[in-house]
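J.: As annotated by Swiss-Prot, ATP binding site applies to 226, 227, 228, 229, 230, 231, 232, 233. Residues or ranges marked as compositional bias 'Basic and acidic residues' in Swiss-Prot: 26-42, 99-117, 134-143, 172-181. According to Swiss-Prot, the feature SUMO1 cross-link maps to 114, an assignment based on similarity to another entry. Per Swiss-Prot, the feature SUMO2 cross-link maps to 114. What Swiss-Prot records for 213-392 is domain 'Helicase ATP-binding', and it gives sequence analysis as the kind of evidence. Here Swiss-Prot flags 1-184, 704-782 as region 'Disordered'. Taken from Swiss-Prot, the feature region '3 X 5 AA repeats' applies to 720-747. Sequence annotations record features per position, and here Swiss-Prot assigns repeat '1' to 720-724. Annotated repeat '2' per Swiss-Prot: 731-735, in sequence order. Summarising the annotation, Swiss-Prot assigns motif 'Q motif' to 182-210.
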C-alpha cells in the first residue's frame, strides 16, 4: 500500500502539470468553484462568518472533486455520492479512497483535484482532505470560536485548520488518564462538596477513590486494598457524605449515628474524623476514643450524631453503659481492617457489631473494609459481617511490590551501640533541619531515649502509648505544623496518619511483621511526593530483612553510613538556609563583631568557622561503611583478575605494607565478582598505608566513599584477619585449618559458620532448640 500510494502521488503530480492548460478552459463550473476561494482569503483576516462559508465551500468542493465523469452527469453524481464523502473523518480513509480513483484515473476528477491544490498553497494531495475532514470532525463544537481556535488569521488557512485537531489531541494527551477518570463530573458529587474538596487541595478523585465510589454510593459491601498514601479515607468519606446529604431529613436532637467508622488507633480515628468534617457542613461528625473525658462525648450523643468515628475500646464502653445507640446504623467502615480484626481487636469489634447485625439478614448495614494490607484470614473473618455479593477492589493485586512505589528503600548495617549516632548523621544528610523525619522504634523505652539523645541535633519529640492523650494530640499537631522536625514513635504513628511533607522515615530495626514495614514506610512518599525509608539492621537481623524484601516485594539498596564529606556538605547547606531566616534588624547588632573577626581571621575563615558552629558539625567521626563502627575507614583493594581466594589479597598487602598490616585490617570481604576486597582500618593508620602503598597494573588501593557491592557477608570482626595457614582472631578454629572454610577445631570451628561448640551450639544457628538461650533484649540491643 505505501509503495502504491507513493507511486500514485508521483504520477498525479506529473499529470497535474500536463493538465493545467486543459483545466483552465472549462467553464462556468470552474468559475463558480473559485468564488468561495476569494471568501476564504477574506476569512484569513479573522472574520468568523467567512470561516463558516469556507467550511461550506470545502464541503461543496469535496463531492465535486470526487465525482468522476462527463460534465452532464456531474450534478446528479454529486447528489448521490455526497453522503458517502461526509463521514470521512480519518486520514486512513482518504488514503484508501485514492487507490481506486487512481486506477480509474486520468479522469477529470483527479486532474481537477490536483490543479486546485497547488493554486491554493502548493501543498501535497492529502493536505486539503485533512483540512476538510478535520473541520467535519469538529462539528458543532468548533463553531463556538473557530476563528480563534483554529488560527484563521494565519495566511495559510488550510494548514492552520489542519493543525487544530492536532492541537486538541495534544491537549488531551497532556491530561493524565487518572485525572480524566477521576474528574468530579464523572460522579454524583454536589457543587458544595467539590468546593470543600478543592479547598483541601483535591482537584480530582485518585484511582482508589474513583474505582470504589459507585460501589460505596450504590450501597454494596466492599473490600478495598491500595498502597499507603493513595487516599483511602476519602474513598469511603466522599460517597457516604453524598448519600447521607442526598436523603437528609429533619435533624432531630439525640438522633443515632447512621455511619460508624472504627479505627485501630486514636491518632487515625482523629484524622478520619477531620477528613469527614472538612468536606461536609450539613452533617454532624463525632470522634470517640480513649484518654479523653466521657462527659463531652455523652453531650455529643445527646445533641445527635450522623457520622461516628472511634476506637473499639471507647465505643464498646459507651455501648455497655447504654449511652450509645447503634441500631440505626446504615454503614459500617473498618479502616486498617487487618489490624482491626487482629487478635487484640477481633472480640471488641464483634461485640460492637453484633448490636447492629443480624445473622444472614439482608437488612444488615453496608460493610466497607479498607487497608493497605489484607492477609488471607481477613477475608475469612470479613465474611461474618458482609453479604455474599460483596465487591472487591484491589489496586495491588498480584504485583510483587506491596509497599508504596514512591518510596526509595535503603538499608544500613549498624551495631545497636552505634545506632543513635548514625541515625543523627542520616537525618542531617537525608532530611536536614528544614525537613521532617519520623523514626520508628519497637519499644516505648527506645522511643523515649532516642528522642532525648544528643546525637540528634534537630528538635525531636516522642509519641507512644505511655504519653497522655492530650499530649499526644499536641505533639502530632506540632509536628504537622513544623514546630519540630523529628518525631520518634512506636507503631502508634504507623497506621493511616497523613502527615504532609515527611521527607524521611527511619526504622531502627526490621519490624517483626512485613505489614508493619509497609505501613511505616508509607508515612513518606504520600500524595504523589517521593520519599526515603531507611531500615537499620544488625548481622543477626539479616534474615528478617530478607523476609521483608521477599514479602513486601521490594529490594533494599544496601548503603554505608554517610561519610564525613556528605555530612559536612549537608550541614553547610542547612546552615546557609538558616542564615536566610535571620531578620535584618538582628544583623546590625553583629556587624562590629563580624568586622573584627574578618580582620583577625579573614572573611572566608571566619565565615567557615561560623557555618561549622551553626550546623553543629564541629567534629565529625569517620565511620566504617561495612558496619558503621566509629573510628574506622573502609578501603578497597581492586584486582584486575578474579581472585581465587581471599589469601591472594593478604599476600599483596603484606608484600607492600609488611607483616604489621595483619593487626590493622579488620573485616575483609570480597567485592562483587571477586575482583577485589574491602576492609576497615583505623582512621590514624590511613595516612601511613597511603604513603607505603604503590598501585600496579594488577592492584589499586583506594579509600571507599560509598559502600561497594559485596560478594557475601563480611567475615566476623576480629576473626577476619590471621595467617594464611590457620584461623586466628576471636573465632579461632584449629590452626591447621583454612581461614576461609569450616575446619572442625578444638572449639568446633569458626562460629560464623557451621561448627558446634561443646556447651552451646552454633551462634548463627537459628533453631530454637539448640544452643544456649539468650535474652531478646540482649540479642537485639534493646
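For all residues, glycine too, the Cβ spot is worked out from N, Cα and C.
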J.: Whose Cβ, among the binding-site residues 229, 231, has more other Cβ atoms within 10 Å than any of the rest?
T.: 229
J.: Within the same chain, where does the motif 'Q motif' (182-210) have neighbours whose Cβ lies under 8 angstroms from its own Cβ atoms, ignoring anything closer than 6 residues to its ends? I mean 6 or more beyond.
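T.: Counting only partners 6 or more residues beyond its ends, the motif 'Q motif' (182-210) has Cβ contacts under 8 Å with 217, 224, 226, 230-232, 234-235, 238, 241-242, 245, 278-281, 393, 395.
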J.: In sequence order, what residues of the same chain, 6+ apart, have a Cβ less than 8 Å from the Cβ of residue 226 (ATP binding site)?
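T.: Spatial neighbours, sequence-distant, of residue 226 (ATP binding site): 207, 208, 232, 235, 372, 393, 394, 395, 396.
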J.: Near the Cβ of residue 228 (ATP binding site), how many other Cβ atoms are there if near means within 10 Å?
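T.: Step by step: centre on the Cβ of residue 228 (ATP binding site), count other Cβ atoms within 10 Å, giving 26.
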J.: Could you say whether, by DSSP, residue 232 (ATP binding site) belongs to a helix, a strand or a coil region?
T.: helix
J.: Cβ within 8 angstroms of the Cβ centroid of 226, 227, 228, 229, 230, 231, 232, 233: which residues besides those meet this for the ATP site?
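T.: My list of surrounding residues reads 206, 208, 372, 522, 526.
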J.: Mean pLDDT for the domain 'Helicase ATP-binding' (213-392), as a whole number?
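T.: The answer is 87, the mean pLDDT of the model over that range.
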J.: Quick one: of 227, 232, which of the binding-site residues has the smallest count of other CB atoms within 10 A?
T.: 227
J.: Can you break down the motif 'Q motif' (182-210) into helix, strand and coil residue counts using DSSP?
T.: 16 helix, 0 strand, 13 coil
